[in-house]
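Working notes, structure below.
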């Protein structure tokens, strides 16, 4: 792939390593290494996810610092990893579905859009948006039940350390010993559908979020390379310029952070509604029942209007930016590690 350093294509070209298509990957290596690498990323970012979840179910705005201090004081470091075991168990199958759907869609849609006469930039944006949409929908088949269980564990103990008005009375504070105990109690109380609480809103949250993210990433990636020109590149033998590995990682990371900001702002209200649906109940005639979207939105409006929908935006943006930056650089590195070796031709 080559990007021109100037708009009129009169300047020197920047030669960026070509994207690796699905058929060029060693699938077993791709999924095995991917599970290991992304499990590490999930472990590093999990405390931020716990902070975001607790802020979203709070009935009033609570700062990240105050929330972190309370968790450390009353629950210790383990409080930041409530539900992590359950979440980690879902990482392998969910990531496998996500990466498989992502690569297959990107490859097929990219080929189709180019054949229809779209420009390289437009074709890449369309292919990335379609890939983000399909991969998110595939992964939610696994992630929604994992989210329901792990988020129940994340908010467990929240009422123990917060006796003030910040505790939302509708949060389900059933006591769980571990992920398996939570799974058993959810199935007993609500049946299998209890594990898919918020599945519809999850699709509405993550599908457009991923589509926006991948489309924004591809556009930002090209804009940054066009903007910096040849300043971060070295001359190659063909008279053009080739970026070194540090420049590639820097541009990928910056593009990912920019895409995360756009995606977080657009989909934050949906994410807040989804989280509340998965961990909060409503009381009807003295009986606690799963909440619905309309009641959840009504409660949020009563608590603080539109601002209440953006509780936890800071941790979510930070989580998305760090996760995306790490993910995209790890993802590109993983694809190069998993490239099939070319067998020498025999004569």
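Backbone N, Cα and C define each Cβ position, glycine as well.
Unlike curated entries, TrEMBL annotations are predicted automatically.
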From the ranges 247-270, 271-294, 295-318, 319-342, pick the one that TrEMBL records as transmembrane segment. 247-270
Structural state census, the repeat 'Solcar' (247-337) (DSSP three-state): 74 helix, 9 strand, 8 coil
Summarise the model confidence on the repeat 'Solcar' (123-223) as a single mean pLDDT, whole number. 80
